[in-house]
């Protein structure tokens with residue numbers, strides 16, 4: 001064990017200290033998570049609309065997607081998609097007569113995590129859309145709103161409060177899942193902490209520091225989501 | 001697709017599957033026991049106990065399992081040899097293994113999620129039933145044992161099934177602390193044979209089948225306990 005002052009030295013932002021590496025890692029974690037979250041949300045929106053479209057082959061394909069992604073351990077999904085994605089891309093490029101590319105770790109991480117998020121988002125959004133009272137949609141139809149306008153003016157504003165609790169859970173889970181990216185070697189917060197810890201042999205200090213950074217992120221996100229939900233539920237009657 | 005390696009690595013795979021099941025069983029049973037204490041602390045009157053339990057749940061639910069695992073394996077593990085007498089004690093062969101730290105991390109993590117669910121379930125038990133129990137003269141301990149906990153567990157049962165499946169899906173990361181569980185076995189096969197997809201596909205089938213068994217088992221359990229609707 002070492003004295004408190006040397007621990008502070010090790011955590012200082014500027015280079016002999018490793019604080020800067022950890023902070024950079026935390027931003028990488030936030031960036032990956034946010035990118036994957038947005039990508040997942042887009043996938044999920046199309047997935048939910050597809051599942052509710054009534055077109056059987058599409059519904060079947062989407063059911064396969066959501067079931068498999070939710071049944072297979074995240075680590076296995078991330079590792080296999082990471083390799084399969086890079087491999088598949090290079091095969092397509094080879095067929096087009098181009099040489100192989102080194103896939104950017106950041107892009108791969110966002111794509112892989114986003115693909116996993118998309119399956120959960122599909123279910124959250126499907127539930128949120130189904131929870132909209134049918135009468136509201138019928139009223140919009142009877143006013144002569146076209147599907148596009150109806151979606152933008154009625155469905156979207158009505159589904160957001162229903163979907164927010166699910167969105168909050170998924171944001172927490174993508175932050176924690178992003179640590180798994182460390183296993184395939186992209187340096188975000190978890191891997192940054194590991195590098196710092198193995199260089200200084202102060203495992204306890206650096207993993208606790210990383211845990212503290214994750215906690216700050218999750219606690220602040222919690223506050224943000226409560227505020228968002230209060231905002232989007234304005235004017236609604238409180239439940240019970 | 002080439003699966004000719006299966007027989008060569010049969011023992012490794014079977015042992016890996018055994019370790020995965022062992023880790024799941026240990027962390028779910030011990031974690032559940034700890035979760036009961038956490039939930040009681042949070043619905044009880046002691047403000048220190050409530051605060052401790054709340055902070056525990058916030059920490060373990062707010063940080064990634066991977067960090068907790070590394071914190072326990074590398075962090076705690078680096079202090080253990082300095083405790084006098086521990087090295088020569090009979091516990092040392094167990095404490096030296098990655099398996100011990102993996103089981104510890106998974107248990108502590110599971111307890112935090114499960115404790116929060118159980119707390120909600122305990123609060124969902126109808127007040128009238130607890131009052132009735134008090135009215136017939138049961139002591140607080142007996143109310144807890146005979147009425148409050150059994151009712152809460154029944155209420156939370158559908159959620160527990162989901163938690164156990166999530167726990168199963170969390171186990172593969174123990175390979176990062178040298179535990180040769182099923183995923184660890186697949187990882188080693190990949191390194192030896194340079195086959196990427198086949199070993200992963202095989203273990204995926206195992207995880208998905210085990211998920212199916214767990215959900216079926218909980219369904220049976222739910223049906224076995226009669227409820228009035």
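From the backbone N, Cα and C atoms, a Cβ is placed for every residue, glycine too.
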Matching range for TrEMBL feature annotation, transmembrane segment, among A:182-203, A:204-225: A:204-225
Tertiary contacts of the transmembrane segment (A:103-120), defined by C-beta under 8 angstroms and 6+ residue spacing from its ends, are 28, 31-33, 35-44, 47, 65-66, 68-70, 74, 77-78, 81-82, 85-86, 89, 166, 170, 173-174, 177-178, 181, 184-186, 188
Cβ under 8 Å, sequence separation of at least 6 from the ends of the transmembrane segment (A:154-172): give me the contacting residues as numbers and ranges. 33, 37, 40-41, 117, 120-121, 124-125, 127-129, 131-132, 136-137, 140, 145, 218, 221-222, 225, 228-229, 232-233, 236
